[in-house]
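Inspection log for the structure reproduced underneath, given as structure tokens.
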Amino acid sequence: MPAVRILILAACCCWLLLLPVRCCGPGRGPVGGRRRYMRRLVPLLYKQFVPNVPEKTLGASGKSEGKIRRGSERFIKLVPNYNPDIIFKDEENTGADRLMTERCKDRVNALAISVMNMWPGLKLRVTEGWDEDGHHAHDSLHYEGRALDITTSDRDRNKYGMLARLAVEAGFDWVYYESKAHIHVSVNTDNSLGVRSGGCFPGTAMVMMETGKKKPLSELKLGDTVFTTDETGLLIHSVVLLFLHRDPYKTATFVLIEAEGHPTKLLVTPNHLLFIKSSSSTGFQPTFAYRVQIGDLIQIYVNGTQVQSSKVVRVSVDEQTGVYAPMTEHGTLLVDGVLTSCYATVESHTLAHASLAPLRLFQGIASMLPDLHTSDGVHWYCHILYVLAKYVLWWDMP
């Protein structure tokens with residue numbers, strides 16, 4: 001039997017390698033490979049920051065861990081960036097501006113490609129990177145190699161709003177149109193759980209059962225039938241197949257979303273997918289929760305047989321213990337009365353749903369692997385998908 005299991009898993013892994021390629025075609029390589037979807041890029045406004053939370057919260061770049069001093073144990077974890085497509089100002093002539101964390105290096109290299117694609121002939125310019133001279137506030141992320149100040153090589157300030165938007169798309173954890181002279185960007189720590197975690201809801205979040213009663217996610221079980229919607233917005237039943245992530249003891253930061261005329265607040269982790277209609281989109285699109293802005297539309301259930309649109313009136317952050325990510329057979333569900341995707345990390349509901357097809361089609365495989373589908377933590381299958389996407393297919397994952 002162990003040999004049979006290994007063969008089955010190997011066959012599934014081979015299929016998984018083909019799924020994303022078949023759906024999206026070839027990528028651009030290890031850097032800048034984030035899949036782009038058909039939506040208009042809207043420049044940031046002066047003094048706007050994304051996500052709409054303070055920089056040093058867990059929903060953005062996280063807390064400061066203290067200054068990194070040259071020669072210290074933490075200093076050796078900073079890596080130099082010699083990307084020829086980036087101009088480093090380096091006014092100190094020490095090479096300090098080239099030093100940054102691995103995550104920061106990945107993001108800025110991705111941004112450099114986007115800049116050249118957006119404005120042929122121009123390059124990204126870094127005016128400030130790691131700071132060892134004490135020129136910033138005492139808890140600045142510049143002291144940790146996690147923050148950069150950037151411009152375009154032509155220093156055209158009319159481009160800075162779009163440069164900030166490109167930085168958001170490149171995966172920086174916090175982007176701020178801070179000054180007329182530059183854009184400020186920063187990232188979370190390389191070892192942060194917030195960087196590697198997917199998307200979930202708190203255990204107190206409620207789903208509506210087929211009986212009409214509500215049940216908290218902490219009590220939801222495999223095989224339960226909950227409400228979701230079809231393509232037209234009509235309510236339908238959907239069976240809970242498994243938990244993509246379940247950890248009752250993990251503390252996480254959630255995006256808190258309040259909608260007009262909806263009594264319940266939705267709490268969801270930043271990289272979870274919601275169906276959002278913004279001013280720049282023609283319909284409801286799968287969107288990371290951290291991108292939600294006041295004025296965007298979400299789909300809520302109040303009563304009757306279908307969902308309705310409601311305007312987002314407040315976005316904030318909250319920290320709670322317990323994370324749950326159930327997956328239904330339809331890939332969607334109503335959580336606290338809001339229509340949500342079951343998926344996270346990849347900003348394509350269709351692709352995520354297709355990639356998890358083997359779990360829906362071959363439940364017998366999971367039954368041959370005792371406890372793997374019921375244990376706490378990230379589901380083993382999702383972990384395989386993440387590793388394949390990030391390290392084999394070279395996808396740019398958050």
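Even glycines carry a Cβ here, placed using N, Cα and C.
Mapped onto three states, the DSSP output places Asp97 (Ca(2+) 1 binding site) in helix. Residues annotated as Ca(2+) 1 binding site in Swiss-Prot, with similarity to another entry given as evidence: Glu91, Glu92, Asp97, Thr127, Glu128.
The Cβ of Asp133 (Ca(2+) 2 binding site) lies under 8 Å from the Cβ of Glu92, each of these being in the same chain and 6 or more residues away along the sequence. Under the heading Ca(2+) 2 binding site, Swiss-Prot lists Glu92, Glu128, Asp131, Asp133.
Close to Asp149 (Zn(2+) binding site) in the fold, though at least 6 residues off in sequence, lie Val126, Thr127, Glu128, Glu178, His182, Ile183, His184, Val185, each with a CB less than 8 Å from its CB. Under the heading Zn(2+) binding site, Swiss-Prot lists His142, Asp149, His184, citing similarity to another entry as support.
Sequence annotations record features per position, and here Swiss-Prot assigns N-palmitoyl cysteine to Cys24.
According to Swiss-Prot, the cholesterol glycine ester annotation covers Gly199.
Residues or ranges marked as signal peptide by Swiss-Prot: 1-23.
Over all protein chains present, the Cβ of Glu128 (Ca(2+) 1 binding site) has 21 other Cβ atoms lying within 10 Å.
Least packed by the Cβ count within 10 Å, out of the binding-site residues Glu92, Asp97, Asp131, is Glu92.
DSSP assigns Thr127 (Ca(2+) 1 binding site) to a strand. Shown are the binding-site residues Glu91, Thr127, His142, His184; of these, the residue with the fewest other Cβ atoms within 10 Å is Glu91. When the binding-site residues Glu91, Asp97, Asp131 are compared by Cα distance to His142 (Zn(2+) binding site), the shortest distance belongs to Asp131.
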